[in-house]
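Quick look at what TrEMBL lists:
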type     : residues  : note
ACT_SITE : A:Glu163  : active site
ACT_SITE : A:His266  : active site, proton donor
DOMAIN   : A:61-170  : domain 'Peptidase M4'
DOMAIN   : A:173-342 : domain 'Peptidase M4 C-terminal'
REGION   : A:73-93   : region 'Disordered'
REGION   : A:344-368 : region 'Disordered'
Amino acid sequence: MTFIQGIVPPHILEHIRDHGTPEQRQLAEVALEQHRSVIGSREMAPGVATTRALGAPPATVAIYDAQGSTTLPGSLVRGDTDPATGDAETDEAHDGLRATLDFYSGVYSRNSVDDAGLDLIGTVHYGHAYDNAEWTGSQMLFGDGDGTLFNRFTIAIDVMGHELTHGVTQYTAALDYQDQAGALNESMSDVFGSMVKQYHADPKQTADQADWLIGAGLLAAGIHGVALRSMKDPGTAYDDPQLGKDPQPADMAHYVHTSDDNGGVHINSGIPNRAFYLAAAGFGGYAWDKAGRIWYATLTGGHLRASATFAAFAQLTVTNAQSLFGADAVTVVRDAWEQVGVATKVPATDGQPHHKPKKKPHTTPSGA
Amino acid sequence: MRITLNRSGGFAAVRALTGEITIDTDSLTEPSSREIEHLVGAVDFEHAVARQTPKPGAGDYISYTLTVSHDDGESAVSFTSPIADPTLQHLVSRIEEIGREKNPR
Ligand SMILES: [Zn+2]
């Protein structure tokens, strides 16, 4: 059985387990279990010393079903290469996570959350009428929604992009989930989640074509609102007697000081979200080409501290705008932050605008 | 017995799903009251709750604080989703259900 482990990729093992002879199935299950425990031990030290495995095989996506329970991960219902199951949650989660992996790989040459091909697990039908989607630190889970306030949480592709990006943040800047750093952590998930939606639209959407909504379709019928958050117009996504009103501020003058929600991480993320939208709109074209590349370099470049403030993050985007695209890009990015009330300085330059590097930005683990 | 459940955070983080639910078991129907008091007694708070801090890097978890007040005094515990302990999960779900019945949408 040793020959199976470590040579055969997990999605093949899953296929063997599901379709092989009884003996093959047993061997495959053992190998998969060993694979899972290796993955588990890798997760023990997130963001630390994950040597970038060049040439690591592309990550796989596996969807599990908790069948209304809160047992994780539940039972496997769709492996990486399995066909659609016909269950909306299963297929949306699978396709959304696959789309997110493809976005990171195709645009930023990133191989999964750890950039070393970490296989991904999503659990659907988690809990009874559960109104949430989460990244647990090692997997994603999606609730069915209660049907009165929320539909199923897999309904919008950016929700999968959002949750998977929490994993990317965990393995890169490892932003604290508290106060401004936490709001930046949330904003990273909205920024990249939104770009996943734009990238996978048919045809692909430019910054001015995108709706910049997070969770479009997630609000149940009869709820007054268009989505959960608006990156373009924070605070305008919903206003409903049952649900409440979208509490997101659009600029620093309206920053919300609260101890709830880890210091308002899902509230104040409106400020950096809008800065990203403004930068993307300022550049024009596809968001991932310039604004996205600058934000990605900021998140993964090794200079962003875990406790970063909005101002520190903003200044790093300006520095990266300079090194990636030159002085004109600096103006666009500084204008975007200025409009949300975050001041930045002109970066020190050698007077030579740099050109876009051929290689992707080097990824350094957290603690920088 | 008076029980207060405070909830915050979550991916949606909307007002309807957050904030405080307070129930007094004296004001519940006999079966509901018995069920809640049984669940409170059955949860191994020290053990169940100790395992319920968010893992590094976790996002969009819901933060809960459960306060139980009775004649002997008051005790409070804090934990986050996903709740691994099935009894604690059941207690939280029942309190949320009762909260919805008290304030029907
Ligand atoms: Zn999040």
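Heads up, the Cβ atoms here are built off N, Cα and C, so glycines get one too.
Take the CB of A:His266 (active site, proton donor) and look out to 10 A: across all protein chains shown you find 29 other CB atoms. Counting residues of the domain 'Peptidase M4' (A:61-170) by DSSP class, helix then strand then coil, yields 35 helix, 21 strand, 54 coil. Using a 10 Å radius centred on the Cβ of A:Glu163 (active site) and all shown protein chains, the other Cβ atoms total 29. According to its DSSP assignment, A:His266 (active site, proton donor) is helical.
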